[in-house]
C-alpha cells in the first residue's frame, strides 16, 4: 500500500534525521502526489501554538464528489506515528487522518469548496510534534502555498518564542561560546607576539581558524536570537553560512597541514599531500552547499533526503581523508627514528603525531557519532545538551592543538636541522623542474 510505505519512510526519516529548527516557513507545493508531506518539527510547551495559513489549494482530480475528508493537516509525535503505522498495517484505518493518535488540525472537507484558510491551533500537551500534510486520495496531486508558524508563549508577558522548547536557550549558549573563542584568539595573538622569533606560518593559520570559529558562533547566536523573537533570521543566516563555510574549509585544511608536518617538520607539501588538500577543499564546498539546501528547504522538499545523504557521505569522506597525512607522518617519523641517528628528537615528534592522530579520531567520532546519538535519544526539552557536548569537544580539540603545536624556542617538534632544510630546498627544486 503506497500510503503505508510512505508512512514508514517518514517515520524512519523522523528518527534518523532531525528536522530543521522551526520558524516562520513559507512553502510552495506544486502538483505533489506524495501521501505524506512533512513540514517542521517543534517542541511545544503547554502554551504551544500553530498558525497555519494556506492559499491556492488545487487538486488535480476533476471529480466534484471527491472525498475531501481524506486530505488535511495533522500534528503528531514520533511515538504516535508508530501507533499510526501499526493501525495501517493491521487495516484498522486506511488513512492517518482517521487515527485517534494524531491531532487533527484541519480537513479540507471543512473548507466547503474554499481554496484558502487561516487557522490557529493551540496545543496544551507539552511534547515534540511534527506538522504533516496527509493526502490519502489515490493519484491526486495537490498544489498550495503554505505559511506555518509554530511558537510557545513565554513568561508572564506571553511573548512568542519561535524556537523549539529544547533550543530556546541556544542563543545564550552560542554567545558565551563565541566570547570564549574571542578570548582564546586574543591569548593566541599575545602568544604569537611574545614568541614571534619562533612563529611559523601554520601558527597564523591556526589564529585565523580560531577567529573564524568565534565569528561563526557569534553569527549563529544572532541568527537564533532573531528567530527566537521574530521567527525570521533577518539576514544573519547568510553571515552564518559564510563563516560556517570558511570555518569548515579552514579547519579541515589545518588538520591536513598539521598532519603533514607542513611549516614546522618540512616547509613543503608532497604531491600526495597536495592531492588530499585538493580533495578535501572541494568536498567541503559540496558539504556546505548541501547544508544550506537542507536548512533552507526543510523536509517537505522532494530532494531533501538526498541532500542529507550527500552531506553525511561527504562529511565521512572528509573525516577519513584528513587522517591519511597524519598516518604518513607517523610512518616517516618512525622510519627516521631508526636510521638518521636523531632517535630522541624523532621519537618525541612521533609521540606527538600519535597523540594528535588519536585526538583527531576521538574528535571526529564524538562530534559525528556521539553527539548525533545524544540528539536522537535525548528528550526534546534537552536537545541543547547535544549542542553543548559537541561544542565542548570542539573547544577541547582546539585547545589541544594550540597547546601541543604552540611556538616555543626549545620545542623539539619545531626543530629543523640543516639536513632537513637542504632536503626541503632540494624537494622544492625537483617539484619546480617537474612542473616546468
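Each residue, glycine too, has its Cβ placed from N, Cα and C.
Automated prediction, rather than curation, is the source of TrEMBL annotations.
Listed features, source TrEMBL:
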DOMAIN    28-152  domain 'CAND6/7 N-terminal'
DOMAIN    171-411  domain 'GOST seven transmembrane'
SIGNAL    1-22  signal peptide
TRANSMEM  173-193  transmembrane segment
TRANSMEM  200-218  transmembrane segment
TRANSMEM  238-264  transmembrane segment
TRANSMEM  276-294  transmembrane segment
TRANSMEM  306-328  transmembrane segment
TRANSMEM  356-374  transmembrane segment
TRANSMEM  380-400  transmembrane segment
Averaged pLDDT score, the domain 'CAND6/7 N-terminal' (28-152):
89
Could you tell me whether the transmembrane segment (306-328) and the transmembrane segment (200-218) have 3+ CB pairs under 8 A, leaving out pairs under 6 positions apart?
no
Are the transmembrane segment (380-400) and the transmembrane segment (173-193) near each other by the rule of at least 3 C-beta pairs under 8 angstroms (pairs 6 or more apart)?
yes
By DSSP, what is the split of the domain 'CAND6/7 N-terminal' (28-152) into helix, strand and coil residues?
23 helix, 64 strand, 38 coil
